[in-house]
Structures are given as structure tokens and as C-alpha cells.
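The following features are taken from TrEMBL:
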type	residues	note
TRANSMEM	37-56	transmembrane segment
TRANSMEM	68-88	transmembrane segment
TRANSMEM	100-119	transmembrane segment
TRANSMEM	126-146	transmembrane segment
TRANSMEM	158-177	transmembrane segment
TRANSMEM	197-218	transmembrane segment
TRANSMEM	255-275	transmembrane segment
TRANSMEM	282-305	transmembrane segment
TRANSMEM	311-331	transmembrane segment
Amino acid sequence: MARRGIGAAVGATVLLAVTNRVLYKLALVPMKGFPFFLAQVTTFGYVAVYFSILFLRYRAGIVTKEMLLLPKVYFVVIGVLEALGVAAGMSAGAMLPGPAIPILSQSFLVWQIIFSMLFLKKSYSLNQLCGCFLVISGVIVAITSGSDEGRFLSNVEFIWPMLMIASSAFQAGASILKEFIFIDGERRLKGKRPDIFVVNSFGSGFQALFVFLLLPFLSNLRGIRFGDLPAYLNDGASCFLNAGDDQVACDGAPFLPLLFITANMVFNISMLNLVKMSSAIVASLTSTLAVPISIYVLSLPLPYIPHGSRLSPSFVFGVSVLLLGLILYNLPKSAKQQKND
């Protein structure tokens, strides 16, 4: 029964992961000119959901007062990193072709290994390091080949793929800091690790704050002056509601943005549930399984993205190398390796 439950959770999470990736690109069709506005709406949605769950878990006695009193400075840093990651990812995603987004996002693994070695003093097995190398190789092959019409990033400015990779770096840094909070919290709570919703709730709360506070700086990435921000936010709200004068440009709103926000929240909750039911390894492999499916779906003609893009053999080869690297990295450690960690 337990295996059936985990299998069902894995299947649901893969479906939600693909849906999330596809809707991410579709949501940016009507909101292409307002990625920062969409980032704020998404971020505040996280705050409401996570804190609601945290409150219920506190009432149930799962979350203790001691967990809520953990130092908040780490959550502040997490908030900054995740705010930068969301804003950078939204900005780059609006300018990149669909198949490029899940490929470039896999650089998260590379940054995660680098940061954990630097700040957590972790060591990695040979298969994990080889997997990391294959991920890098797969990304390079994929982004330098692309569609049958030539390199599918050939007409995209260099800053946009680099910004997507930077987004992964910010998010990887936040994930490593969360791991540190769990380790440090275990010491502070005398052997009991903090509840995951404590970390997510306070992290998302500060993320929402810094997305708002850093909006003038982040808007410069899109050439929006500080004095133009009020008009930009007003136009963003009008486009989100599809209530402005130019409703053709915002065709698909608010349905597509709201659909993405909902799917993204459900996906994150599903991933958390899978981690709770099984392990982080299973959750990571599940996310990996969604990568080739989402790439294929995003290359097809979709509503609001009718043209699509044909994938060349070299692109498929790059994706295959990337997936091989992810699988190699996620191979379970032996008992001896776990003991050495």
C-alpha cells in the first residue's frame, strides 16, 4: 500500500511538474511586458498558502513555538535570493523560446553543488561529480544546437540565457541556506529538525517583501525608470485583469496567469508531500522525469504559441546527455558513502 501511495504521488508530481513548466511559458504570453508584476502576484500567493498551512500545523501541534522563534536573519537572506531568482527568471523567460527554459534551469544542480561545497563543506561521490559534468555538457550542447532552423537562441540576446542561469544560481543559494537552517535548527531544537513549512513560510514572506522593495532596481533590467513604476504597475494590473484599452495584447489573461499560479502552488505542495512520503532523492528524480516531457510539449504548437519549434537531433542528444547526468547524480549512495557524509 505504501509503495502504491508513493507511486501515485510520483505520477501526480510528474504531471504537475510538466503542467507547471508549460503554464509558466503560456502565462508570459499575455504578461510578456509585465513579468515583475506577475512575480509579485505569484509571490504573495505563496505567502498566503504557506502561512495558512503553517497555522494549521501549529494548531495541530506539529509546529512548535520553538520552531517559530528560530533566528530570522537566515530567512531574510533566503527572501532576497528567491526574490532575485523569481524576478530574473520571469524576465528571462519572457524573452526565451519555450524549450530553452527547462534546459537552462537545470544549471540549478551545478550551482547547488558549488555552493554546498563552499558553504556546507560537503563532499560528493564520483558519480555525482560526473553527473554534474554531464549536466553542464548537456546544457552546452542543447543551447548551441536547437531547432532545424538553426540555433534556437541565435536571435536571442546573450543576456537572457545568462539571466536564466543567474536565476538558478540565486535559487540554488537559497536552497543551500535552507539546508543550513535545517542543520542549525536541529542543534537548536535538541535533535528535532524544523518543520519544512516554517522555512517555506518565513522564506516566502521575506521574498514577497524584497520583491516589492527591490522592484525599482529590478525594473531597470527591463528599462523601466523608477518614476514610471506606478504607471507600470497600473498597466500590469490592467493587463492581468484584461481590462485595459489594448485587450488584444493581453489575450489569455487573467485565465493563463491564474492557471499558472494555481498549478505552481499545487506543484510545490506536491513536491513537499513527496519528500515527506519518500525522500529528497525520489522528489529530485521525479522532477527530472518531467524535463524531457516538458521540452517536447513546449516545442509543439500550443494555444497562444501557435508556431512551436522543431527539435533537431543535436538538441535531442544534448537533452539526453543532460538527463543522463541528472540520473547519475541522483543514484543512491552506498551505506559507506552515507556514513562518510
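Glycine is treated like the rest: Cβ placed from N, Cα and C.
Because TrEMBL annotations are produced automatically, they should be read as predictions rather than curated entries.
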Recorded stretches the transmembrane segment (68-88) and the transmembrane segment (197-218) touching, at least 3 CB pairs under 8 Å: yes
Recorded stretch that, among 37-56, 197-218, 311-331, has the most CB pairs under 8 Å to the transmembrane segment (255-275): 37-56
